[in-house]
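> What follows is a single structure, and I will ask about it in a moment.
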Amino acid sequence: MEVGAVAAMRYVTDGIKAAKLVMRHTEHTLLVGEKASEFAISMGLPGPTNLSSPESMETWTKWKDGRCQPNFRKNVSPANSCGPYSPTHYLQHPGETCSSIGHILTSNSGLPRVGLHSHDTISMAVIDRMGHIAVGTSTNGATFKIPGRVGDGPIVGSSAYAVEEVGACCATGDGDIMMRFLPCYQVVESMRLGMDPKLAANDAIARIAKKFPDFLGAVVALNKKGEHAGACHGWTFKYSVRSPAMKDVEVFTVLP
């Protein structure tokens, strides 16, 4: 229950260090945007730093030249362009019911999918020799995201969660979908109620897949005894484990 997070933060390379500064040196939970960057730099982190690389600029230029496709917008006009955009469908039909609007908003198959090569989340859970548990998540977010978008990385209970007397959870995947379910909070609370890590992980993923059968994501559950398990949907997921008894890192593969 000691938490720090930052989101939409530019010009600072060490996002996870900035989040720790929020936890250690403020009474807040989450800082965002330009002011998060100013806070991190004022607390001693290097910056402002240009976070673009030749590779990222080349990728962005090709995407821009391709009429900004694919992107994460839906129900906008003109659809196959870089904008500016205006809303379509539901604003033009004020008499529509909630159910018909819901169908329109969820039936765009042209949206990009978050997958192995379109995001870079790192999430980790650690138990120290005293039994203290810590979790952390760091990410650049989804490729070609809309400026200002915040995924599940800094959302407590979604990408990571820990309760010392129970265990911890880490998650990765389509954060825009996963944060609606707080899967890591669900995993830890399920373990609190007696589920083993495997059952708790499978249950959390199944809850999401029931509503969004096309989503991609995974969770790793870890109880206070160090027992662990993963669950995934839409991809084959791998996670790594290291303990004092192990000579090297061991990689576990989880099938959907």
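Glycine residues also receive a Cβ, built from the backbone N, Cα and C atoms like all the rest.
These came from TrEMBL, pasted as-is:
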type	residues	note
ACT_SITE	Thr121	active site, nucleophile
BINDING	Arg149, Val150, Gly151, Asp152, Thr172, Gly173, Asp174, Gly175	substrate binding site
> Fill in the CA-CA distance, Thr172 (substrate binding site) to the residue listed as 'active site, nucleophile', as an integer in Å.
6
> Please give me the CB contact count at 10 A for the residue listed as 'active site, nucleophile', counting all chains in the structure.
21
> Can you tell me which of the binding-site residues Arg149, Val150, Gly151, Asp152, Gly173 is spatially closest to Thr121 (active site, nucleophile)? Compare CA atoms only.
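With Cα distances computed to Thr121 (active site, nucleophile), the winner among Arg149, Val150, Gly151, Asp152, Gly173 is Gly173.
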> Counting across all protein chains present, how many other Cβ atoms fall within 10 Å of the Cβ of Asp152 (substrate binding site)?
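If we count other Cβ atoms within 10 Å of Asp152 (substrate binding site), we arrive at 30.
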> Measure between the Cα atoms of every pair in Arg149, Val150, Gly151, Asp152, Thr172, Gly173, Asp174, Gly175, the residues the record assigns to substrate, and report the largest value in Å, rounded to a whole number.
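Farthest-apart Cα atoms in Arg149, Val150, Gly151, Asp152, Thr172, Gly173, Asp174, Gly175 are separated by 16 Å.
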> Count the other Cβ atoms sitting within 10 Å of the Cβ of Gly175 (substrate binding site), across every protein chain shown.
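Other Cβ atoms within 10 Å of Gly175 (substrate binding site): 27.
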